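Colleague: Found this in TrEMBL, in case it helps:
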TRANSMEM  42-60  transmembrane segment
TRANSMEM  80-106  transmembrane segment
TRANSMEM  118-138  transmembrane segment
TRANSMEM  158-191  transmembrane segment
TRANSMEM  211-235  transmembrane segment
TRANSMEM  255-279  transmembrane segment
TRANSMEM  300-324  transmembrane segment
TRANSMEM  381-398  transmembrane segment
TRANSMEM  418-449  transmembrane segment
TRANSMEM  461-480  transmembrane segment
TRANSMEM  507-526  transmembrane segment
Amino acid sequence: MDGPDGVREDDPKAPLLPLHDPIHRSQSFDSFIRSIFTLKNFFVLLGPVLCAVVCLWVKLNDGQDSSRNMLAVLAWMFTWWMTEAVPMPITSMAPLFLFPLFGIASADDVAHSYMDDVISLVLGSFILALAVEHYNIHRRLALNITLLFCGDPLNPPVLLLGICATTAFVSMWMHNVAAAVMMMPVATGILQRLPTGPTQSILVTNFCKAVVLGVTYSAAVGGMSTLTGTGVNLILVGMWKSYFPEAGPISFSTWLFFGFPLALLIFIALWAILCLLYCKKGSSQALSAYLDKAHLKRELDLLGPMAFAEKMILAIFSMLIVLWMTRNITDDIPGWGSLFNGRAGDGTASVMMATLLFIIPNKKQPGEKLMDWNKCKKLPWGIILLLGAGFAIADGVRTSGLADVLSKMLDFLEKAPYWAIAPAVCLISSTITEFTSNNATTTLVVPLLIQIAQTMHRHPLLLMIPGAIGAQFAFLLPTGTPSNIVGFSTGHIEINDMLITGTPLKIAGILVLSVLMPTLGAYVFGANEPLLNLSRS
């Protein structure tokens, strides 16, 4: 039998290795070269190149190597983050080797940033969210609440309100991306009752768009109201704790008192925009033939009665919310945290409640618990690592002296009015977040805003919060946030729909935040306190 080169395979003179003709060698060499000179590899090299440029040619006013090195590391990391040349979780671990090598911080100090009370809060919350997802509790909750809003006869704006409100409520207690992933199948399941293809009227098409856009944006808006709703809020709280350790941490309940009214007003604006754009006259008649309470009731009946496991998870979740709300109540009425001399945090309660899931039996199989570690393999470690990177960068900017350099460079803002700066901050942050992740935008913007606030002699939270909340206004592009991708992937909406709906929603969000922050926010966070009273270590 002849080989590929025309030589018999059993010939003793046949070569041991296959022979390649020059043309094949040339083609393989060309493909090898093309695989090296790619845009992604260019961005991989761009990070360390920019870092080297900063180290060699940039001179800062303080003359310290540590502050210049910190700026160089930021250039490297943000290049990789914004281009995603390297997976974001891997880039998030870069401080673990860059900070020690550049003399910014010791390995132990950097590692501490990747596990603190805020990270514990995230871990416990995600485990509880996985339990809710595993037992289909979110679906039961969605159907029950939607039944309340369906109406008889069908009222499309009210049904839309029920679907969006359910999504926003779910997003309050788990990450907004997880809420979108959980609720989108529920919403599209309702839409499956509607006709498709050429027989679908424009009124039905518009309602489908309204539902998908509503779920997508409600997940983002609902997440703003609590600390656990999105990673951005946790990054903000972690940076506040890192920069101002003696000012007192922002507790779950404190954030809720500001975040919930903010999210509620933006949610009302969202619902009004969707109704004006997509719920036209005649929608009720077009939809009532396909969608009614009987359909939702059948879906709910298929789930059957609540099992013991579902009841226990709801009980544990309820207990956790109570613990979060009562750890610190007011200055005059101390919460349960005072029993432990302030050593316990929101993360303490979160992990403690999550641990119960691995102890309490589910009463389905002998010896089987509510949760096991195999069910936790879907934990979003990428988000957790990104949180740690944000905290590490905040510490690095402060301890390296770069924060002081930035503060001196921003002296010209000292006399700028707050009413002009706050909306601008929110607008800039909400623009950047359309092209990079919400968390990365917050990590980039918040340290800079702290220096601007100090230059203006304002309370830092008056700018930190608009910058962080603005980073969650990624309403225009599918790539702005994973929640947008979840909605876009359904096929019911196009980029043009997101632009038409997202633009007025972004404007409404900026206006609401610009009004609430200096009023309600200043009261809730004590931002009327003079800046000099905040100690930095």
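Sequential numbering from 1, following the chain as shown.
Yeah, the Cβs are placed from backbone N, Cα and C, and that goes for glycine too.
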Colleague: Counting only residues 6 or more past its boundaries, what in the same chain has a CB within less than 8 Å of a CB in the transmembrane segment (118-138)?
Modeller: 170, 173-175, 178, 182-183, 186, 227-228, 231, 234, 237-238, 241, 303, 307, 309-310, 313-314, 316-317, 320, 345-354, 357, 370-371, 375-376, 378-380, 383-384, 387-388, 391
Colleague: So what's near the transmembrane segment (461-480) in sequence-distant terms, Cβ-Cβ under 8 Å and 6+ beyond its ends?
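Modeller: Apart from its flanks, the transmembrane segment (461-480) reaches 217, 220, 223-224, 230, 232-233, 235-236, 239-240, 258, 262, 418, 421-423, 425-430, 432-435, 438-439, 441-442, 445-446, 449-450, 452-453, 487-488, 495, 498-499, 501-503, 505-506, 509-510, 513-514, 517-518, 521-522, 525, 527.
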Colleague: Six or more residues beyond either end and a Cβ under 8 Å away: which residues meet both conditions relative to the transmembrane segment (211-235)?
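Modeller: Residues 118, 121-122, 125, 160, 163-165, 167-177, 179-180, 183-184, 187-188, 190-191, 250, 252, 255-256, 259-260, 262-264, 266-267, 270-271, 274, 278, 346, 350, 383, 386-387, 390-391, 438-439, 442-443, 446, 468-469, 471-472, 474-475, 481, 483-484, 486-488, 490, 492-493, 497-498, 501-502, 505 contact the transmembrane segment (211-235) from elsewhere in the chain.
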Colleague: Counting only residues 6 or more past its boundaries, what in the same chain has a CB within less than 8 Å of a CB in the transmembrane segment (42-60)?
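Modeller: Contacts with the transmembrane segment (42-60): 67-69, 71-73, 75-77, 79-80, 83, 85-86, 402, 405.
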Colleague: As a test: from 80-106, 381-398, 507-526, pick the stretch that has the greatest number of Cβ pairs under 8 Å with the transmembrane segment (255-279).
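Modeller: Against the transmembrane segment (255-279), the leading stretch is 507-526.
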